[in-house]
Ligand code: AP5
């Protein structure tokens, strides 16, 4: 199973990618998480990526494509029988690069799942989001607060706000999404791979809708 999740910032790609990876026992590949891992470990790639991430801009295509190609080629992807990509591709050139990477391995995508959520809902989710820097658990100040204010329920670490979840940066991310990522909707629709799901429901409802949408691709 090889899947791509598309959707605006905060649409629930990370949340759903984890659920789908568990459902099909495939590997979750998040370019945002990979960049944050490199940033937190002070690697050259991480320092470069952070210059763009902190501003809400995209990391250059060639850097991102190389990182994804390396990750897709790791042995766990073959042994677990596939992946769900969360945050890649994010530009049409990245979509073309992904097709070329897969073609070189005689592989193809099974489906591209577009999680649609209105922008005002996304904004509320992002500016209220708090994350655990230690175990990556996610909270929301009012929609999903931790039991003790600013403290992770899972590991007790102090929660932080992602630098790119500041209101001004969130607005830049929406603009970048509209200009550079949304053209991928038509790109994958043309290739018969796109399935659109309402992301403005509970996370469990969204997961069920995504699993059923992949079923319709298998039936095509
Ligand atoms: P990335 O981390 O991928 O950021 P993003 O796409 O903006 O997505 P988010 O992680 O903010 O949200 P999400 O859609 O995963 O939603 P989540 O499940 O967390 O990328 C960060 C940066 O890295 C980019 O800006 C860019 O600089 C760089 N980058 C990454 N990929 C790149 C690429 N391919 N090319 C170039 N640069 C790249 O949910 C959001 C919140 O909502 C959470 O609090 C969650 O608990 C809550 N939530 C989720 N689902 C629901 C629901 N159904 N109902 C209510 N709340 C929900």
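Along the chain as shown, the residues are counted starting at 1.
Positions of Cβ are set from backbone N, Cα and C atoms, glycine also.
Listed ranges 30-59, 60-89; the one TrEMBL annotates as region 'NMP' is 30-59. Among the ranges 90-127, 128-165, the stretch that TrEMBL annotates as region 'LID' is 128-165. Taking the Cβ of residue 129 (ATP binding site) as centre and 10 Å as the limit, one finds 19 other Cβ atoms among all the protein chains shown.
Near residue 162 (AMP binding site), with the C-alpha within 10 Å of its C-alpha, lie none of the binding-site residues 10, 11, 15, 135, 155, 201. When Cβ-Cβ distances below 8 Å are used as the criterion, the region 'NMP' (30-59) is approached by residues 13-14, 17, 67-68, 71, 85-88, 90-91, 133, 136, 163-164, 169-173, 176, 180 of the same chain, each at least six residues removed from its ends.
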